[in-house]
Amino acid sequence: MAIVLGPNQYGKAENRLVTVTRDGAVHAIKDLTVSTSLRGDLADTHLTGDNSKVLATDTQKNTVYAFAKQAPVGEIEDFALRLGRHFVSTQEAITGARVLVDEHSWQRIEGHDHSFVQGGNEKRTTAVTVDGERAWVVSGVQDVVVLKSTGSEFHGFPRDEYTTLQETDDRILATSVTARWRYQGSDIDWAASFTEIRRLLLATFAAKHSLSLQQTLYAMGEAVLRARPEVAEVRLSMPNKHHFAVDLSPFGLENDNEVFYAADRPYGLIEGSVLRDDAEDAGSAWYSLPTF
Ligand SMILES: O=c1[nH]c(=O)c2[nH]c(=O)[nH]c2[nH]1
């Protein structure tokens, strides 16, 4: 038996980067969390401690900030591609890079040139994988909390000796959508694509009469794939944020689907992928991404 080194990568995780673009008195900000990971001929440092091929994680961090100064950050996909290609093309031992960027949302305070309000927890995300000459882009949106107060049913499920859930033809449906979509190619109008995909996801959640959150999940992915040829696959992770109608009968009151207990845990967790059956292969696009 021999013991060998398996897959490995290393980098600087969660660099917090904020840029201010000064267009006269009117400023724009970008608030990003950037993680870099490099792969390649890295056995020496693991086996002997020889670091001659190890571009320090501190250097990777510095590169993120220097790149933000040297050219406009632009769309997160472009920024991640620039960084990933830089590491692979300038370090002989480095054959692959993974760059994750989360963009935190800020909105201008109405009428103000340089004051902003944070737009909640929602994040726009990208995960760029560079492997030699090839690159994969998986972008997404995280923690988009949505709720519909009707248009959702759940019934027809099996009843065994442990089943207590009542069937319902009218319930609240609420979830926090995390979606990631894999692009085919990298010559894409990232901003327009993101805006439209986010709109399609929300419009479908709202419009689809739901018989299960699973059905809603599939419909959301399908809507994106039907409308956006640049997307090969959509992965969705959607916690079912249960809202239970409160039993008001002890107080002599009827609850006509108006008063709910919003449970925070446990929650159903519905996850799935919707994809084209002729999509180009995913390579290492999803490798070590925090999706199922
Ligand atoms: O949309 C739903 N899907 C389920 O699988 C499920 N299970 C459950 O208890 N409630 C729900 N709702």
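For all residues, glycine too, the Cβ spot is worked out from N, Cα and C.
As given in TrEMBL:
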type     : residues                                     : note
ACT_SITE : Lys12                                        : active site, charge relay system
BINDING  : Thr57, Asn240                                : O2 binding site
BINDING  : Thr57, Asp58, Phe154, Arg171, Gln214, Asn240 : urate binding site
BINDING  : Thr57, Phe154, Arg171, Gln214, Asn240        : 5-hydroxyisourate binding site
ACT_SITE : Thr57                                        : active site, charge relay system
ACT_SITE : His242                                       : active site, charge relay system
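Around the Cβ of Lys12 (active site, charge relay system), the number of neighbouring Cβ atoms within 10 Å comes to 19. For His242 (active site, charge relay system), the nearest of the recorded positions Lys12, Thr57, Phe154 in terms of C-alpha separation is Phe154. Rounded to a whole number, the C-alpha distance linking Arg171 (urate binding site) with Thr57 (O2 binding site) is 49 angstrom. Checking Cα-Cα distances from Thr57 (O2 binding site) against the recorded positions (Lys12, Phe154, Gln214) with a 10 Å cut-off leaves Lys12, in sequence order. Other C-beta atoms found within 10 angstroms of the C-beta of Phe154 (urate binding site) number 19, with every protein chain shown included. Among the binding-site residues Thr57, Asp58, Phe154, the residues whose Cβ lies under 6 Å from any atom of ligand 1 are, in sequence order, Phe154.
When the alpha carbons of Asp58 (urate binding site) and Lys12 (active site, charge relay system) are compared, the span between them is 7 angstrom.
For the pair Asn240 (O2 binding site) and Gln214 (urate binding site), the C-alpha distance works out to 10 angstrom.
Across the fold, the C-alpha of Phe154 (urate binding site) and the C-alpha of Lys12 (active site, charge relay system) stand 45 Å from each other. For Gln214 (urate binding site), the same-chain residues 6+ apart in sequence whose C-beta sits under 8 angstroms from its C-beta are Ile270, Gly272. Taken residue by residue with DSSP, Lys12 (active site, charge relay system) is part of neither helix nor strand, so it is coil. Max Cα-Cα distance over the annotated urate binders (Thr57, Asp58, Phe154, Arg171, Gln214, Asn240) is 52 Å. Of all Cβ atoms in the protein chains displayed, 16 besides its own lie within 10 Å of the Cβ of Thr57 (O2 binding site).
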